[in-house]
Amino acid sequence: MKQLESFEIPRTVIFGPGAISKIHQIVASQKASKILIITGRSVTLQYAKTIADMLTDRSVEVLRYDYIDIEKSGFDLVLGVGGGRPIDMAKVYSYVHKKPLVIVPTSASHDGIASPYVSYTLAQKMIKYGKIMASPIAIVADTSIILNAPSRLLKAGVGDLLGKIIAVRDWKLAHRLKGEEYSEYASHLSLTSYRIVVANAARIKNFVREEDVRVLVKALIGCGVAMGIAGSSRPCSGSEHLFAHAIEIRLEESGGDAIHGELVALGTIIMAYLHGINWRRVKKIAKLVGLPTTLREAGIDYDLAIEALVVAHTLRPDRYTILGDGLSKDAARRAIEATELA
């Protein structure tokens, strides 16, 4: 007999042009009087202030994610307004203080807009609090706002979605070889998100219409739900993400930066090759959308990419993938050269 299962997924999802106007309604449903809005810099900060102006009947504090004191209490509800970093920090605060979370994405560059989990690098920094897991009670995705995000970030959202084909294959592999628990339902949701964006890639690639953003947001939210059902990021994060994380860690140490979804797209091409599936098709879709399809286009040094492939498997030793016990440097070079990334 199987054990009991439980999972948390967003209770309310509101998306479309003007969705931001519904925030007061969501806040009222929570009977929250003291609200913390965690946001980013410049444009996202302005959106956060706009939301604060909608909540003048409440006590609202707006803070940038890099100014947050995680230990400070006294709020009834947390709003994460912005891109990846503000949203992730809002999840951390929500988890630590056990307060409800509302996510208001101003871009759609990755599936964190609906997932309970934070980025690998932030999770490591916040390890003293345990495994961060904060499923939002509501997601308010105003597509008229997201449409104004830099197109490079929206294309990165497609890159993150391309990785789902690898994540699910890695999960199946771990299930077959290591007996890891596997959810057909969560996998199906993740792959459906992948298929939606691939089927519409040619139509949405320039992100000039509201419906283009709508397709992307729906797919990303689907991935967030998949992770909630699985109880982990497994259906949406495999070896392609380990490669991306390995690069992100090295860049952070050296003061560099990269766009997550672009790295995931490159990782997906490499891992498709290792899995023996059609990596050329993945690369073709990435190119069609306007994602980097070489290391040079992504601004990634060749030696850094080799190092990332060699060490990627060590980042999550509990997560078996096609990388197995790791690639040798020669195998890493062959993979990069075979996929014409260099």
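Yeah, the Cβs are placed from backbone N, Cα and C, and that goes for glycine too.
Per Swiss-Prot, NAD(+) binding site is recorded for GLY84, ARG85, PRO86, ILE87, ASP88, THR106, SER107, ALA108, SER109, SER115, and the stated evidence type is sequence analysis. The Cβ of PRO86 (NAD(+) binding site) has ILE38, THR39, GLY40, THR44, ARG64, TYR65, GLY80 as same-chain neighbours under 8 Å, each 6 or more residues away in sequence.
The secondary structure of ASP160 (substrate binding site), as reduced to three states from DSSP, is helical. Residues near ASP160 (substrate binding site) in space but far in sequence (CB under 8 A, at least 6 apart, same chain), listed by position: SER109, HIS110, ASP111, LEU220, HIS260, GLY261, VAL264, ALA265. Residues or ranges marked as substrate binding site by Swiss-Prot: ASP111, ASP160, HIS245.
According to Swiss-Prot, the Zn(2+) binding site annotation covers ASP160, HIS241, HIS260, on the basis of sequence analysis. Classification of HIS260 (Zn(2+) binding site) by DSSP places it within a helix.
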Binding-site residues compared (HIS241, HIS245) - the one with the fewest other Cβ atoms within 10 Å: HIS245
Distance [Cα-Cα, Å, rounded] between HIS241 (Zn(2+) binding site) and ASP88 (NAD(+) binding site): 17
Residues flanking the Zn(2+) site, with Cβ no more than 8 Å from the Cβ centroid of ASP160, HIS241, HIS260 and excluding those residues themselves: HIS110, ASP111, GLY159, GLY163, SER237, GLU240, ALA244, GLY261, LEU263, VAL264
Under 8 Å by Cβ from ASP88 (NAD(+) binding site), counting only residues of that chain that are 6 or more apart: TYR65, GLY80, GLY112, VAL118, SER119, LEU122
For the binding-site residues SER107, SER109, the one whose C-beta sees the most other C-beta atoms within 10 angstroms: SER109
Additional residues surrounding substrate, by Cβ distance to the ASP111, ASP160, HIS245 centre under 8 Å: HIS110, GLY112, SER119, GLY163, CYS236, SER237, HIS241, ALA244, HIS260, GLY261, VAL264
